[in-house]
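Trainee: When I checked Swiss-Prot for this same protein, it listed these features:
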BINDING   Tyr81, His194  substrate binding site
MOD_RES   Lys305  N6-(pyridoxal phosphate)lysine
Amino acid sequence: MMEPEEYRERGKEMVDYICQYLTTVRERRVTPDVRPGYLRAQLPESAPMEPDSWDSIFGDIERIIMPGVVHWQSPHMHAYYPALTSWPSLLGDMLADAINCLGFTWASSPACTELEMNVMDWLAKMLGLPEHFLHHHPGSQGGGVLQSTVSESTLIALLAARKNKILEMKASEPEADESFLNARLVAYASDQAHSSVEKAGLISLVKMKFLPVDENFSLRGEALQKAIKEDRERGLVPIFVCATLGTTGVCAFDCLSELGPICAREGLWLHIDAAYAGTAFLCPEFRGFLKGIEYADSFTFNPSKWMMVHFDCTGFWVKDKYKLQQTFSVDPVYLRHADSGVATDFMHWQIPLSRRFRSIKLWFVIRSFGVKNLQAHVRHGTEMAKYFESLVRNDPFFEIPAKRHLGLVVFRLKGPNCLTESVLKEIAKAGRLFLIPATIQDKLIIRFTVTSQFTTRDDILRDWNLIQDAATLILSQHCTSQPSPQGANLILQTRGPRALAKEMSFPSVNGAGDDPAHSRKIVMQPPRVGASPVSRHLETLLDPLDDCFSEEAPDVTEHKLSSFLFSYLSVQNKRKAVRSLSCNSVPVSAQKQLTTEGSVKNGSSSRVRIFSRFPEEVMMLKKSAFKKLIKFYSVPNFPECSSQCGLQLPCCPLQAMV
């Protein structure tokens with residue numbers, strides 16, 4: 001058994017281990033290489049009858065536990081949203097765990113209750129929340145409380161809204177059964193809302209409707225008003241709206257300035273879920289998303305995500321605490337105390353009875369960092385995300401289908417979903433960074449969140465190179481797996497590729513570049529000077545894409561083949577064969593060496609694009625022949641180019657280009 005002196009010694013040993021772990025976590029593989037049930041074989045069937053030595057227990061941390069850990073504090077952890085910790089936060093919980101009070105009432109631990117009330121007022125002011133969310137403000141009937149999760153906070157808000165509405169309905173229908181009234185209730189959220197909102201509806205037995213969002217993935221007032229009108233006509237009673245600030249998928253923001261007035265007019269409880277983005281409101285420049293917050297009946301966010309206060313720690317504020325207390329109040333004799341009518345008892349603000357002393361770690365973090373350093377932390381994470389966004393935008397093989405907000409960038413490989421899925425699987429094999437998918441508008445996307453306070457530009461560049469290398473491998477495999485077109489013999493072998501290439505040009509209109517919106521107009525036919533053998537053969541082929549091309553032929557600048565093809569195929573949606581235009585002039589056998597010696601060390605991508613070698617000279621082919629150049633199929637393997645590109649017939653003799 002451990003005695004105080006041994007605890008002192010072992011405690012120092014554990015602090016040293018924690019310091020070593022957190023300062024070197026970037027060197028560890030982010031995700032574990034284990035299978036479900038890996039731990040079972042390493043533990044005895046039954047608990048030990050006699051005590052183990054601490055040395056044995058401590059040794060099993062690295063032997064048994066760490067091989068199965070996902071390292072959430074790693075700068076290379078980009079999945080989900082942050083779950084950060086910090087030295088002051090760890091110290092705070094060390095003390096709170098030693099005190100180990102159960103602060104269900106003021107009398108059970110006055111310091112636990114009163115520190116929480118004051119720290120929640122601090123935090124509300126730091127975020128710029130309305131004064132009606134403060135405990136200590138003249139005329140305020142609201143206040144804040146720490147919950148375990150945002151999921152729990154959303155459920156609590158919905159239960160409070162349900163109770164309040166049922167009491168109103170019983171005033172006019174006193175004989176009605178509460179279960180009958182409950183069956184008529186309906187609540188709303190956007191179709192981008194977190195899964196916990198749906199779960200809250202299931203638990204409370206309130207119908208939860210998920211409303212469509214606009215092009216920016218934001219829930220707007222028009223959609224809400226329409227749903228309310230339709231449901232009232234059906235005899236339903238709308239009671240609750242959950243607006244999300246910073247959705248899980250793409251970090252989109254619902255429009256509070258439109259939703260708020262509707263909720264106030266229609267008598268709906270407006271709850272704000274800002275689980276991740278709430279920390280950003282420490283910075284005044286991000287508070288534009290809070291426009292309309294004065295209409296909110298409740299607001300919740302997680303300091304345990306981005307604010308460096310480790311899990312669990314969720315802030316939850318209500319405008320009217322009495323509506324909350326009437327939902328959860330119980331009054332057994334053994335919980336009463338002399339100051340019950342005067343003091344705040346947080347057991348009436350939550351589902352459980354007992355509660356941890358969470359406010360100590362939050363207090364330690366706010367005091368140790370100060371508001372300015374917490375703001376700097378948020379701005380640093382946002383700048384790192386901007387840097388990653390710039391890297392993605394500069395690569396023509398990727399696209400960003402939704403606007404970046406704060407520290408989250410969503411991106412995907414151009415082409416079908418299977419390519420993006422394959423890239424994720426390839427990245428997961430190595431475990432050197434952790435990414436997860438999401439879907440928007442039937443597109444599979446990759447979420448890249450800057451999670452660590454220690455992330456540097458070098459970390460971002462290193463991870464981007466790993467993503468590029470995985471994409472290069474998947475694209476080359478995808479291309480080489482496609483059959484060569486049987487019409488290749490239509491290209492006369494006597495006409496060399498260099499001669500053919502001299503007649504090829506791909507114009508760009510008004511500097512449109514890679515913008516797909518301009519792609520329908522960039523395939524133009526220059527005046528015909530003479531017919532070559534190649535063009536005569538191509539003209540004999542069927543031309544199913546005649547309606548896709550413009551007849552205009554303005555005098556425009558030249559444009560590289562790769563950029564043109566990506567833009568054209570994106571607009572035309574011709575993605576049924578080879579989904580990639582990846583070309584690599586290095587044999588597959590040499591790609592591994594190139595990846596190791598090139599991309600990681602010097603910070604540049606290992607991809608060598610054959611398209612960059614294409615001559616940009618005038619092509620004298622008829623429109624129908626020209627279209628054959630961009631048919632989206634694979635080409636045969638070349639002696640020095642084991643990867644294949646997305647050109648059809650005219651590309652077959654291009655092997656001499658490499």
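Yeah, the Cβs are placed from backbone N, Cα and C, and that goes for glycine too.
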Trainee: Report, in whole Å, the straight Cα-to-Cα distance of Lys305 (N6-(pyridoxal phosphate)lysine) from Tyr81 (substrate binding site).
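Mentor: Taking the Cα atoms only, Tyr81 (substrate binding site) lies 7 Å from Lys305 (N6-(pyridoxal phosphate)lysine).
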Trainee: If you count the C-beta atoms lying within 10 Å of each candidate's C-beta, which of the recorded positions His194, Lys305 ends up with the smallest number?
Mentor: His194
Trainee: Let me know how many other Cβ atoms fall within 10 Å of the Cβ of Tyr81 (substrate binding site).
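Mentor: Here the count is 20.
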Trainee: Whole-number Å only: compute the distance from the Cα of His194 (substrate binding site) to the Cα of the residue listed as 'N6-(pyridoxal phosphate)lysine'.
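Mentor: Here the two Cα atoms lie 15 Å apart.
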Trainee: What does DSSP assign His194 (substrate binding site), in three states?
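Mentor: Coil, per DSSP.
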